[in-house]
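Enquirer: Structure incoming, see below.
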């Protein structure tokens, strides 16, 4: 029995050393398992390895067994990728959905579904058979006395202990079949997000109704000054109340209208027709003037100028954060920049970030996001692969 116990301890030590060395992956062979700024606790919680001792490498990565399989799941023809995200999705959001993220190739989907790999299954069975053959010859021939070799109790225990442990742990690659996420992109069809965030109606509602209502209130004292003719027609009194306040606000030309209203008080039908026309014209003029004033201050440029927008925010920025930086927010035009600088400030901002990609000065760290880079006051451009995306702004040259 002592020999059997020693054999079991020896096997457990071998398995433990194998698992401890499972994370010994060369830095250039590591397969990313996390997202930018992932913590060690979050990385190990999903069963991945974490090593931050080597700079400019992947800190959260798959172990030596799962790494090659995960790499195959995210490889393949970029033109045949199946979308797994939504416009402007971040790398963290994509990986948390169980999808692959690769922004090194432009013009293709960056967040896409994994490919199901079914080849690793036979490899696990061969590994388990070798483990059985190596463990059996250790004890029975050297330690058993001729009285008890016929019982052959030794080979039974290693077979029961070694067979279920190793293949079950190594057959984990079957789980990607459960996490093939082509169903989630169908449910989260992205056109919902721009519709919910399109709030171009708010500036119109806040500015228009306040001013005209306050100006029309003083019309009531005019009705009290003309108590002599209300018995003839009530419509004439309403005509006076509507025409008087509108003329001083819009223009001084409509001063001729009160003379025409006062001269024919004896004809009741005519003021009814005139009041209807005047009320329509006054409401049109007031709304036109108010909308003109608001569009000059807050509205975005027309669609034909959308290509000239200079980005002022980051992926997923909200309207409140964008306007808090003093920039303009307009989400009505898809496939354009929604948060951008004003027309006066755009040329200077564009010149600051117009730097030759080969001479860019690094301003961030590996895996930095668009938001984190811009919050540091740096430029961010991920359109060109294999260059620095977060870089220092160019110093403008002042002409003396």
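Including glycine, each Cβ sits where the backbone N, Cα and C put it.
Owing to the predicted nature of the structure, the values given are computational and were not obtained by experimental measurement.
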Enquirer: Of the ranges 272-299, 328-355, 356-383, which one does Swiss-Prot flag as region '7 X 4 AA repeats of E-T-T-T'?
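Expert: In Swiss-Prot, residues 272-299 carry the label region '7 X 4 AA repeats of E-T-T-T'.
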Enquirer: Which disulfide-bonded residues (33, 48, 49, 84, 111, 363) fall within 10 Å of residue 60 (disulfide bond) by Cα distance?
Expert: 33, 48, 49
Enquirer: Validating a neighbour-count step here. Other CB atoms within 10 A of the CB of residue 74 (disulfide bond): how many?
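Expert: Neighbour count, Cβ to Cβ under the 10 Å cut-off: 17.
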Enquirer: Between residue 111 (disulfide bond) and residue 84 (disulfide bond), find the distance joining the two CA atoms and give it rounded to the nearest Å.
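Expert: So the alpha carbons of residue 111 (disulfide bond) and residue 84 (disulfide bond) sit roughly 6 Å from each other.
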Enquirer: Here's one to test understanding: among the disulfide-bonded residues 33, 322, 339, 363, whose C-alpha is closest in space to the C-alpha of residue 84 (disulfide bond)?
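Expert: Comparing Cα positions, the closest of these disulfide-bonded residues turns out to be 33.
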